[in-house]
Ligand SMILES: N[C@@H](CCC[C@H](N)C(=O)O)C(=O)O
């Protein structure tokens, strides 16, 4: 059996998109078969390659009733999986690429805020010729723990963006330095992060401007992470003296990632708005 796919990325955080509007292509798979398929598609040598999979499904066609409730209010649901097949609550770059795809297919309007269902609830996304912005909701700042890349360790701020993040400020992002090549997941406190964690290493560049590298839960080191960029911007703002309750005026940070540059605004209302490029670059049929 073969089925359609597309390939897209947001600042080189890349995804395989699987149109499955009525759930008839992938929706009937067992959890095990779906996990296996996702991992095969994301394999960079034997598959198409990607940091994750975005199944494009109508909320009404979901068989997972919990997900369907979370997507209520949106016609479309982003059914996201990491490259190893594991589920995550949210993917900031993924939802931007997802929205770009919907616009290009004429399924939602361009230039207007559109709600998209995710496992972290509805996200409002706006696609324009310049890029794609998404209101990521209210970051939750949950305190410090420690992450390590032996023999180095750092204090890291726990920020929940729907999914878990540990943000550590470092003196260098050089793969030859203490952060290393991130071939393996940094060690973390399992009692703080019982379901694993995405770890961001951040280098301040100037006020309102930081650079980061990330090791993503379920995908390894990636070239960008949207939820991670939001967590990093909030951590940087706190470090710059913004109160934990949020900024008095909108605070915008440029967040450089290995795959490009994102903008994150922490608004006066305490919400994080993520903006940047998101493109679809290929389409085809696969039998994986
Ligand atoms: N790359 C994503 C985050 C994807 C999910 C993450 N790996 C997790 O397991 O939480 C983004 O752009 O936010």
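The backbone N, Cα and C atoms fix where each Cβ goes, glycine too.
According to TrEMBL, the protein carries these features:
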type     : residues                                     : note
BINDING  : 13, 82, 92, 93, 163, 198, 216, 217, 226, 227 : substrate binding site
ACT_SITE : 91                                           : active site
ACT_SITE : 91                                           : active site, proton donor
ACT_SITE : 225                                          : active site, proton acceptor
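Mapped onto this structure are the features recorded in TrEMBL.
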residue	record	contacts (Cβ under 8 Å, 6+ apart)
13	substrate binding site	51, 93, 94, 222, 223, 224, 225, 226, 257, 259
91	active site	52, 54, 78, 80, 118, 163, 226, 227
92	substrate binding site	134, 136, 161, 225, 226, 227, 228, 229, 230, 274
216	substrate binding site	51, 82, 198, 222, 225, 228
Where residue 225 (active site, proton acceptor) falls in three-state DSSP terms: coil
Other same-chain residues whose Cβ falls within 8 Å of the Cβ centroid of 13, 82, 92, 93, 163, 198, 216, 217, 226, 227, the recorded substrate site, in sequence order: 51, 52, 88, 90, 91, 94, 214, 219, 222, 225, 228
